[in-house]
Amino acid sequence: MDNYTLLNEFILLGIPQTQGLETLLFVVFLFIYFFTLLGNSLIFTAIISSSTLHTPMYFFLGLLSVFDMLFPSVTCPKMLFYLSVRSPAISYKGCAAQLFFYHLLGSTEGCLYSVMAYDRYVAICHPLRYMLIMKPGVCVSLVIIAWLVGCLHATILTSLTFQLVYCASNQVDYFFCDLPAVLPLACTDSKLARKVGSINVGFLALMLLFSVCVSYVHIGVAILRIRSAEGRQKAFSTCSAHLTAILCAYGPVIIIYLQRTPNPLLGAVVQILNNIVSPMLNSLIYSLRNKEVKRSLRRVFQNITFHGQK
């Protein structure tokens, strides 16, 4: 039996090729993270406080705002900590937790995008039966299924990764614990974990993207059948914000998978776009492109101003 010296912590080396830029990166990421939390918390508050937004569409949008606060919180606080105090160590259990929650929240949010696309399909293609089809019980069931898919996906990846033995080098050449960065440090054979991880991530991403495309093909056909320009504009406007958010979420992932040869710097930039920038953009997209959300946000600000003047 091999005598391994097991690791109890990992060292995160950070974003590749950014040595000497720690202070600048800290300021930039702190700014983005702050506005991500602020923007999404305002949208969530606006949806909760306005009775006119208590519909299936805004129920899912409220959940998306919660995910857009939680998802970057898996990686950003730790990254800000080591950028500010230059302490890149993360415990073995902390690394496992980071990988698990990153994939749990990321895949569940991907499922939520598919659910939201289906919701828009029902609203535009079956408007008279919309509230009958998207009953509260159905909405909750769809969210539970999304959580279960995300939990299964994250459990498979985390268990396969951390059942391996890690010894010798503990330097993770990345800014957080993810499969491609952690698996090369394994002292035992990691081929199965790599293969299952690639298939699992690739299959789930393709299935979710396919489901979104199917919903929007039906939506596109339904919009083209609407005779009035005003009707087409109204139908399209209800989907434009969601479609823009999907492009922001899937765009970086598609870019990274189309690479012929992996580029560590490009991979890190894409992950930052997906994990940190995209959640901030979602709050901007929905607050700028959705009239109902803008109206409700205005009321929230008016209430804050009114109470502040008392």
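Cβ coordinates come from backbone N, Cα and C, glycine included.
Look at the topological domains in Swiss-Prot: Thr45 and Asn303 end up on the same side of the membrane. Against the transmembrane segment (137-157), the recorded stretches 24-44, 56-76, 96-116, 203-223, 265-285 differ in Cβ pairs under 8 Å, and the greatest number is found for 96-116. Taking H, G and I as helix, E and B as strand and the rest as coil, DSSP gives the topological domain 'Cytoplasmic' (45-55) the counts 8 helix, 0 strand, 3 coil. It is Cys95 that, of the disulfide-bonded residues Cys95, Cys187, has its Cβ surrounded by the most other Cβ atoms within 10 Å.
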